[in-house]
Structures are given as C-alpha cells and as structure tokens.
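Participant: To start, I am sharing the structure in question, which I have written as structure tokens.
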C-alpha cells in the first residue's frame, strides 16, 4: 500500500517536472537570444533600419557623466509604474571635499482613472502631487530646476524634449502618445499656477540608475531595471548612434529592449502561458521580452502554471479555488515570498490559504517549484539581453578584457531571494572576457534625474544661457 502511494507520488512528481521543464533554457538557447538581441540593437542604431527594428535604441542626449562639481537644490519626479515619487535632492560638497547628495522624498499612488484617462488628467494629478510636496517642505516660493524620470519609450530631440512613442506597463492615458512629455508637464504646472518649475531634463529610469551608480563607481556605464518592467541603457560610441549627428565621444542609449520579440524573435521560446498573459494584456503582441521577465507579469505566469497543474490533477486534488481562477490574484510578491520560505512551508501555506486553498505539504512543494521555474527563466532570459549589451560594448571598444560596472534597480532584482544570483551567474557564463561588477542603486531614479539636471544646469551656465 505504502509502496503504491510512494510510486504514485513519484509519478506525479515526474509529471510536474515534465510540465515545468518547458521553462528551462539551455545555454545554446540563451546564446541564440543574445545574438538575436545584438542584431536588433544594431538595426535600432542604424538610420535605415531604425523604423522597423523592435529594439529602438533611443538616443538620450545624455553625453557626459557628472563630474562632482554641480551644487544646488533640485526637484526630481519619478513616473514609471503605479507609484509616482517626488524628491527634493540637495547636491553639494560634503566634508573633506567629498561629494554629498541628500534626499527627501514622498510616494503618491496613481489612481487607475489617471493612468487610463486623458493625458491632461494624468499630468494635472502629477502637478497636484508636486504642489502638495512643496507645501510640506515650504518650498513653494522657490523656482527649482526639475529633473523628470519618465520610464516609457521616448524619442528625444534634446535632454528636455521627448516624444512618447507608446505607453507600456498598463498605462493608457490618451493624448500623450506622439506628444512632448515635458511640454505636457509644463502645461499642467502652468494650468495649476500656484508654483513655478524649470524642467531641465527628462531621463529614462535606466539612465537615472546608471548616473546615480556612477557616483559610487566611475566604471558604471550600464543601467538596468528589473521591476514592473525590464529595460537597460549603456554608453554607446557616438559614431554608432546614427540618429544623432556627430562622431565624437559617447552617448547613453536607452535600448527599450522590453519590445524585443515584437517581430517574432522570441516565438520559439514562448509557452502557452506567455501567450495567455500577452492576449489578456493592454498591449497584445508588444513588449514580449518584458512580459517574460517583468514583475507586472511574473505572478500571473505562475498562476496560469498552477491552473495547468490543477487541470492535470497534479495539484490541490484537481480543484482550483475561485481566487486562483481570478486574473492577477497570484501577485508577483507572492513569488518572492514562496521562494523565501525557510523550509517549514509556513509562508507558502499562508499565501495559499489567502487564495482559498487548503494545500498538502506536497502541494506547497509543487507551488514552490512552479515559482522557481518561472523566476529562473526570467533571470536567464534577462541575462541573455545584458550579455548581448556587454559583449557588444567590448567588441566596439576592441578590449581584450573589459572591466565594467552595471547599476541595477527594480523590485524583482532587489526583493526576490534568488533572482540576483541566478542572473549574475548566467551573465558571467555568457560574457567570458568581461569582469562585471553589479551595484544596486539607492533611490536611483530620483537621485539620478537630479544629477542629470545638475549636469544640464551646469552646461547651461557654461553656455551662458
């Protein structure tokens, strides 16, 4: 009898592993993804192929990295997900001539109707938050330079002018796509009329992260975010940036690699769960690479895998609760919590019981394996992108061994218990002639935007504007 039960358990385990095996990517797969990513990056940089390239490689007009001599008070805004942050950044000389960057900030959550209403509603809400923040800090009377971290695909015409190409990450505010975002912000501030601001720079969160980390480590020339979405930027040789005139020096390029796969480059790796997540998203067929990696989708992928295991009678006695059948019910933070479980399964039990389930010990272990499969694939898929960027940089600089630092931010990278380790190990396997240091950015987006503003202000002063 016991033998039968043990045999049944073993068979069940085998079937579960068979289903989860689809998530495993071999090194050859990752090399394939990496070389396709590099090809698309190349197409994005070239004038004649830029238009149809899935990876847009957008020039940011951030050319110089800050030198540590810009001082003053800056306001910084950060819009990139469901939370919006306003930050006051004091940039100055610390003790012993050291550089100091001090910050105060406040988070505001963005109501659904502002995310999906009109651009005017969204930017009016943003200027209301700024007004509230300035009141709290008695700063209404000051006209501060403002740096705006805006984490969506933007075609820059200058450091303070950029056209929104398309919304991502669940935003849908009408009347913003195709328009200058800085202009929309300036208009909203003017409409409000109770404070003045000088918007000097708009940057992507990857750029802000890179600049922020550059202060810690002067070899930081790549910025990456793995949070709600996933994206990276890096310093590219100007001669390769065909969309901007001039061949001297380097410019930071925002890859917008989340859109990789839009032209079918990932089709052979997409599973039924990926297709279901994509079909029920606000932007079907777009941002496919990001949908494999980003925190906005990870929990939902796990939920769909769990439902598949229930259907196959391998989990929860073949019965799913109403909650488990509800889209979005398995949150991405649950994935981190399940994988952080110490082994007594208490954390896993708690999460599953809030979803109306009464799991056995074996069920808990299967749920953990499902989470590990989805998050490990995300880490490996992400590593192929970064390895593509770093190998490209090494080749274009003709260095035998390249030392480089990558500044990273984002909730998945920072909060998931094993993402980092799996990701680092995989990147290093794919970049044999590179010595890579990873550093986490602290308050990266806000601080980085303020530092970019500081550079912009300094340049404006030098140009006598």
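Each Cβ is built from the backbone N, Cα and C atoms, and glycine gets one as well.
Okay, so Swiss-Prot annotates it like this:
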BINDING   78-83, 228, 295-296, 332-336, 411-415  ATP binding site
BINDING   151, 152, 168, 169, 204, 205, 231, 256, 290  substrate binding site
DOMAIN    10-454  domain 'Hexokinase'
REGION    67-203  region 'Hexokinase small subdomain'
REGION    204-443  region 'Hexokinase large subdomain'
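Quick one: where do these features end up spatially?
Facilitator: Taking a C-beta cut-off of under 8 Å and a sequence gap of six or more, residue 332 (ATP binding site) has these contacts in its own chain: 295, 296, 297, 298, 299, 411, 412.
In sequence order, 151, 204, 205, 206, 224, 225, 254, 255, 256, 257, 258, 290 are the residues near residue 231 (substrate binding site), counting only same-chain partners six or more apart with C-beta under 8 A.
Confidence across the domain 'Hexokinase' (10-454), taken as the mean pLDDT and rounded to a whole number, stands at 92.
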Participant: Rounded to a whole angstrom, what is the C-alpha distance between residue 78 (ATP binding site) and residue 168 (substrate binding site)?
Facilitator: 15
Participant: Provide the number of Cβ atoms within 10 Å of the Cβ of residue 151 (substrate binding site), excluding the reference atom itself.
Facilitator: 24
Participant: Taking 335, 412, 415 as the binding-site residues to compare, which has the smallest set of other Cβ atoms within 10 Å?
Facilitator: 415
Participant: I need the CA-to-CA distance for residue 81 (ATP binding site) versus residue 168 (substrate binding site), whole Å please.
Facilitator: 9
Participant: For the substrate site made of 151, 152, 168, 169, 204, 205, 231, 256, 290, how many Å separate the two farthest Cα atoms?
Facilitator: 16
Participant: Under the DSSP assignment, what numbers of helix, strand and coil residues are found in the region 'Hexokinase small subdomain' (67-203)?
Facilitator: 38 helix, 56 strand, 43 coil
